[in-house]
Amino acid sequence: MQPEQDLPGVVVTGVSGRMGQMLVKLIGASEKLRLVGAVEREGTPWIGRDLGEAMGGAANGVRVTDDPLEAFAKAQAVIDFTAPAATVEFAALAAQARAVHVIGTTGFEAGQLAKLTAASRHAVIVRAGNMSLGVNLLTRLTRKVAEALDADWDIEIVEAHHRMKVDAPSGTALMLGQAAAEGRGVALEGHRDSGRDGLTGARKRGDIGFAAIRGGDIVGEHDVIFAGEGERIILRHVATDRAIFARGALRAALWGQDQKPGEYDMMDVLGL
Ligand SMILES: NC(=O)C1=CN([C@@H]2O[C@H](COP(=O)(O)OP(=O)(O)OC[C@H]3O[C@@H](n4cnc5c(N)ncnc54)[C@H](OP(=O)(O)O)[C@@H]3O)[C@@H](O)[C@H]2O)C=CC1
Ligand SMILES: O=C(O)C1=N[C@H](C(=O)O)C[C@H](O)C1
């Protein structure tokens with residue numbers, strides 16, 4: 001086992017959030033990574049406090065800061081599940097610090113994605129709308145099934161999440177839609193149908209439909225439906241614990257230590 005001071009140091013951003021707190025717990029239990037910093041938004045009550053105490057436990061010696069650059073300078077990896085605008089800002093700072101930037105944030109617009117690509121010229125970025133092993137396998141399966149079937153089979157993606165989720169369709173649904181489009185040999189953008197309401201007319205042949213459910217504490221559920229004449233295939237993933245996403249992010253932070261600058265996803269990390 002490596003001495004603790006030799007382990008890659010990780011900073012978690014959005015540390016008071018649902019994923020932020022899960023990541024801190026898993027890094028605390030890890031023998032391969034150590035927590036060296038915790039970042040929250042300026043003006044939030046955790047700033048300046050010991051992170052362990054802010055989370056309701058024993059002190060862990062990590063002070064929560066609103067200065068990302070100061071925190072990133074001490075880190076080999078930044079794990080970031082926050083919001084699109086924050087992640088774009090963190091990408092430039094992580095690249096400046098030459099830290100691997102693991103991005104779980106979803107809901108980016110095209111212009112924001114272009115800024116992440118620019119940052120990846122100087123540092124490793126690993127980004128995925130879902131970091132779990134199960135969903136990344138489902139993505140592969142979706143592509144395979146879409147490859148095997150023609151457009152007589154309608155593809156619909158249905159996702160369900162907790163009431164606090166702010167973006168739709170989910171990052172995972174978009175990953176699955178992208179895989180389905182690639183399997184079919186079409187561009188998702190020309191075939192995407194989201195949020196039907198009112199007198200929509202009949203379904204357009206070849207479209208890939210998206211529907212989003214929001215409620216309660218649902219961690220994340222995704223169905224990819226291939227609906228044909230007289231039969232249906234349904235591929236499903238159900239997440240019951242956010243630890244599956246955090247485990248993937250830790251794996252990506254370690255994997256990224258040995259890579260050249262560039263943009264990667266969880267398929268690269270998992271070798272799928
Ligand atoms: N790829 C994957 O596997 C997964 C991705 N996600 C994605 O991760 C993101 C976060 O999800 P979740 O943890 O549930 O959300 P939360 O709202 O619980 O957490 C987000 C945290 O980020 C903080 N934050 C926002 N802006 C900044 C900023 N500028 N500087 C520092 N901190 C900031 C928020 O603070 P404040 O509350 O003050 O805004 C909040 O504490 C979402 O985009 C979600 O879709 C979630 C799970 C898995
Ligand atoms: O916001 C969430 O909670 C989740 N977001 C990701 C997404 O948008 O797909 C991943 C997971 O489903 C949970």
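From the backbone N, Cα and C atoms, a Cβ is placed for every residue, glycine too.
When the candidates Glu31, Glu40, Glu89, Glu147 are compared with the NAD(+) site entry in TrEMBL, which names Gly14, Val15, Ser16, Gly17, Arg18, Met19, Gly104, Thr105, Thr106, Ala128, Gly129, Asn130, Met131, the shared residue is Glu40. When the recorded positions Arg41, His161, His162, Lys165, Gly171 are ranked by how far their Cα is from the Cα of Asn130 (NAD(+) binding site), Gly171 comes first. Arg41 (NADP(+) binding site) has Gly14 as its nearest neighbour among the binding-site residues Gly14, Ser16, Arg18, Ala128, Gly171, going by CA to CA distance. All protein chains included, Gly14 (NAD(+) binding site) registers 25 other Cβ atoms within 10 Å of its own Cβ. A gap of 8 Å separates the Cα atoms of Gly171 ((S)-2,3,4,5-tetrahydrodipicolinate binding site) and Ala128 (NAD(+) binding site). Among the recorded positions His162, Lys165, Thr172, the residue whose Cα lies closest in space to that of Glu40 (NAD(+) binding site) is Lys165.
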